[in-house]
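Trainee: One structure coming up, written as structure tokens, with questions to follow.
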């Protein structure tokens with residue numbers, strides 16, 4: 001009101017008066033409006049969503065797991081990275097395995113003969129010194145047990161890098177002659193080694209025939225029971241994979257029964273000692289019928305009898321010889 | 001009567017569906033504060049009888065796992081006035097309680113303390129056809145109560161049968177299997193303004209929750225503050241809240257009357273602010289820290305610094321004596337108690353067998369109020385605190401949380417199991433359907 005001049009006298013402008021100069025008025029310090037303690041609707045909904053169990057589980061487990069899997073797969077999708085990763089892993093594993101504490105340097109073998117010792121050293125799958133992680137003792141033991149000469153072996157890795165093998169070898173007690181050669185057998189009939197000829201092991205008793213190795217124990221019992229006949233014995237022959245023939249020198253042959261051959265043999269020995277039967281010209285003693293031993297007399301004795309009877313003599317093949325008179329005339 | 005039936009059953013079903021989820025929020029939307037408790041219902045199996053823990057008024061099967069309170073905004077006289085402000089206050093309380101509980105809550109049970117409650121006593125009587133009271137008869141007698149005209153826009157908040165009569169034998173709690181010729185019942189119905197309830201539903205829906213039940217604030221504070229004997233023998237509970245003062249009368253463990261005075265502690269604060277010319281916040285602090293209703297000689301010498309942030313040193317350094325403050329507060333408290341006394345007289349509280357008055361709510365913490373109330377109401381008066389419930393933090397056990405605690409008890413043990421009885425089918429369409437069914441069965 002006071003700034004505007006209402007009576008328009010000449011010489012006065014109708015302009016408002018300029019604002020009054022003076023000290024600035026003390027102003028109330030502007031209070032910041034207090035923050036509203038209420039959560040906004042968005043924050044409220046977010047908080048409620050966060051309290052939802054499924055959402056929470058998804059966020060805290062699902063998304064991190066997904067991210068980890070995703071980046072891992074992305075990283076692994078490159079061939080070079082995969083190769084370097086696997087190379088690094090195997091390098092680490094080998095660095096640990098090849099530590100000095102795990103190395104096997106020497107192999108000691110106890111209780112083995114020279115060829116078995118050589119074979120065992122050959123069978124070791126790695127060249128010493130090697131890491132003990134590379135030697136599979138179970139596998140090696142089963143491999144060694146496949147050798148016929150070895151009955152049992154005990155493998156152990158001792159401290160200071162020693163692979164100790166304790167070998168129990170099979171002891172040959174029989175020679176077995178069959179169609180493919182001569183083999184040494186132990187008391188169970190298991191093959192020990194081959195021999196080229198009989199004279200290599202003259203001290204071992206000889207058996208022959210197919211399937212003789214399976215009844216090696218019976219053969220040993222027969223040899224043990226043969227007592228006084230032993231010096232004359234050439235060997236035992238398996239007949240028809242069923243029974244034994246005992247072959248003596250001078251071509252004599254004793255046919256033993258399939259059941260209880262030892263008893264039959266003992267009976268024959270008694271008979272021999274009483275009658276001195278085997279010293280006579282008897283080619284075959286047939287003991288297969290236990291109640292009635294049968295003896296076949298030899299060719300010389302037969303011819304004696306035939307000559308006395310005036311019959312034609314028999315040849316070595318069992319046929320009658322032509323009359324000698326015809327020959328003479 | 002049929003729509004009351006449907007409403008009550010619908011509310012009961014809604015609450016039970018919410019309890020099935022195991023976690024329910026309890027919201028006390030008052031004029032001065034909003035309190036939210038998150039209740040976890042783990043079923044009745046956590047205590048055995050051998051542990052020495054009985055049913056404990058239904059408290060043994062739930063526990064409070066989250067509780068928060070905040071200043072109320074936008075609520076006046078116990079009714080929602082500004083929707084958005086109230087929504088923010090509810091959001092604050094609910095979020096804090098949820099955070100404490102660590103679970104998300106989808107259902108809320110709220111109480112409303114204002115909204116002009118009105119009590120009605122209804123009576124109904126039927127003749128018993130087969131000489132004894134069966135399940136259907138109870139539903140029928142509940143249905144036969146005459147419903148007065150509640151007025152436009154009124155909604156039934158609580159409807160409880162409080163008494164059953166069989167042949168003049170009155171005072172039965174459970175008339176089933178009684179033999180007699182006639183069955184009568186008295187029912188107490190509490191109605192409130194429908195708009196207030198609609199507003200409540202709306203504001204809770206805006207907070208992404210569903211309202212699983214509404215209860216009257218005065219009823220709730222009586223449930224938590226009256227001990228069992230008082231509920232049985234007869235007592236009035238006066239819940240002195242911020243915006244409204246609720247009155248409820250109990251006898252024989254049932255509420256038989258409820259009303260509310262739209263005056264409360266906020267008016268007292270307003271008087272202090274006007275009388276001492278201080279801001280409302282300062283007036284509230286003065287009232288809470290130094291208020292009282294009984295002046296003694298020492299109060300004249302007890303000078304209180306008013307304080308304030310006006311920027312004017314002279315204004316901010318004023319002091320008043322405590323007697324002045326009491327002189328401002330007392331007439332308003334007397335006025336509120338006079339209104340309460342008028343309500344109690346109108347309700348016929350004089351004729352009750354026992355006339356215990358229990359003061360609760362935040363206003364009951366004014367020092368000397370029990371003496372003043374005893375003089376005004378002329379009866380034996382005590383200050384009531386709510387029951388302790390499992391898991392509630394100590395600072396929330398004061399009398400100003402009476403209605404929130406009562407809501408928790410109400411959620412665990414609502415007294416509305418009578419509405420489970422099937423309403424007898426007596427309307428025409430169902431009868432004709434049944435006749436058609438019978439005809440088919442007989443003729444085919």
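Easy rule for this one: first residue shown is 1, then count along the chain.
Glycine residues also receive a Cβ, built from the backbone N, Cα and C atoms like all the rest.
Quick paste from TrEMBL:
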| type | residues | note |
| --- | --- | --- |
| COMPBIAS | A:1-10 | compositional bias 'Basic and acidic residues' |
| DOMAIN | A:175-288 | domain 'Cell division protein FtsQ/DivIB C-terminal' |
| REGION | A:1-38 | region 'Disordered' |
| TRANSMEM | A:58-76 | transmembrane segment |
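Locate each feature and note its surroundings.
Mentor: Long-range contacts of the transmembrane segment (A:58-76) within its own chain (CB-CB distance under 8 A, at least 6 residues past either end) are made by residues 50, 82, 85.
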Trainee: Can you work out the mean pLDDT of the predicted model over the domain 'Cell division protein FtsQ/DivIB C-terminal' (A:175-288)?
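Mentor: That region's mean pLDDT is 85.
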Trainee: By DSSP assignment, list the helix, strand and coil residue numbers for the domain 'Cell division protein FtsQ/DivIB C-terminal' (A:175-288), in that order.
Mentor: 43 helix, 38 strand, 33 coil
